[in-house]
């Protein structure tokens with residue numbers, strides 16, 4: 001912290017690097033956190049790469065639902081990788097510095113994969129709507145070309161929105177400090193360091209966050225209103241249970257990701273406090289870990305494909 005401050009004072013307000021304060025300052029706590037987050041990262045990669053491998057290799061999983069799940073797993077693996085390796089290195093080396101270009105790249109990548117995840121969760125909600133409400137027309141409503149178009153559009157829009165967020169965040173000058181009170185380069189703590197007028201840039205970011213959040217969550221909400229209405233009209237308890245099990249995994253992921261994300265980005269700038277780090281830990285590190293296990297443990301097709309591949313490997 002002191003070295004970063006000296007560098008900043010001697011640089012004549014030209015910031016070449018930032019200092020990430022991280023989650024803890026005590027060396028003992030950092031050593032403990034290194035072990036915990038290393039395990040989280042390893043299991044995150046194993047879980048998501050495992051899901052991608054199963055979906056790619058098992059013909060029974062070549063359906064729209066698992067096509068979207070494959071891209072969600074890919075997004076989660078990348079989303080975690082944007083933050084976790086740098087965080088783990090800082091725990092070991094006690095070096096909390098990140099270069100200015102590195103900070104820009106980290107923020108852009110983090111925003112890009114975060115928005116992709118929002119769109120994929122919305123698309124998956126529509127997929128569940130099609131499967132439950134119109135099972136006989138499911139293949140017609142979501143042919144392969146439409147699935148590819150939906151995913152491709154998500155990546156393209158996320159690429160553009162990430163550029164807007166990043167340019168707004170780094171569009172001003174940083175002359176207050178180079179100390180970021182966070183464990184990665186995020187919009188809110190970076191905006192606090194800006195000494196130029198940031199009101200307009202904050203409004204632009206808030207508007208686009210609201211637009212993305214309300215649009216995607218609105219699609220999810222409307223889809224599930226139709227789904228619940230269809231489930232209530234089902235006479236067979238077995239069909240109701242099957243429809244419920246089809247949707248509950250997706251809903252768990254949505255609540256975890258959107259709940260912590262909205263808490264962080266849709267509150268006034270004056271209301272941000274130490275809880276932001278806790279919320280950020282959930283939507284950046286814990287959610288990518290839990291997603292593959294939530295979908296796998298509650299999904300009969302994925303478990304069946306996993307057991308079949310395990311038998312094949314053992315034989």
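Residue numbering: from 1, along the chain as shown.
Cβ coordinates come from backbone N, Cα and C, glycine included.
Now, the feature entries from TrEMBL:
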- 32-55: transmembrane segment (TRANSMEM)
- 47-295: domain 'G-protein coupled receptors family 1 profile' (DOMAIN)
- 67-87: transmembrane segment (TRANSMEM)
- 107-126: transmembrane segment (TRANSMEM)
- 147-164: transmembrane segment (TRANSMEM)
- 204-231: transmembrane segment (TRANSMEM)
- 243-266: transmembrane segment (TRANSMEM)
- 278-297: transmembrane segment (TRANSMEM)
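Between the transmembrane segment (67-87) and the transmembrane segment (278-297) there are at least 3 Cβ pairs closer than 8 Å, counting only pairs 6 or more residues apart in sequence, which means the two stretches are in contact. Residues 23-24, 61-62, 66-67, 69-70, 73-74, 76-77, 80-81, 84-85, 87-88, 91-92, 285-286, 288-289, 291-293, 295-296, 302, 305-306, 309 of the same chain lie 6+ residues outside the transmembrane segment (32-55) yet bring a C-beta within less than 8 angstroms of a C-beta in it. Sequence-distant contacts of the transmembrane segment (107-126) (same chain, six or more residues past either end, CB-CB distance under 8 Å): 65, 68-69, 71-72, 75-76, 78-79, 82-83, 150-151, 153-155, 157-159, 161-163, 165-166, 169-170, 184-187, 190, 212-213, 215-217, 219-220, 223-224, 250, 253-254, 257-258, 261, 283-284. Listed by sequence, the residues of this chain that lie at least six past the ends of the transmembrane segment (278-297) yet keep a Cβ under 8 A from its Cβ atoms are 23, 37, 40-41, 43-44, 47-48, 50-51, 69, 72-73, 76-77, 79-80, 83-84, 110, 114, 182-184, 186, 249, 252-253, 256-257, 260-261, 263-264, 303, 306.
Only residues 6 or more beyond the boundaries of the transmembrane segment (204-231), in the same chain, are considered here, and those with a CB under 8 A from a CB of the stretch are 115, 118-119, 121-122, 125-126, 128-129, 132-133, 161, 164-165, 168-169, 187, 191, 240, 243-244, 247, 251, 254, 258, 261-262, 265-266.
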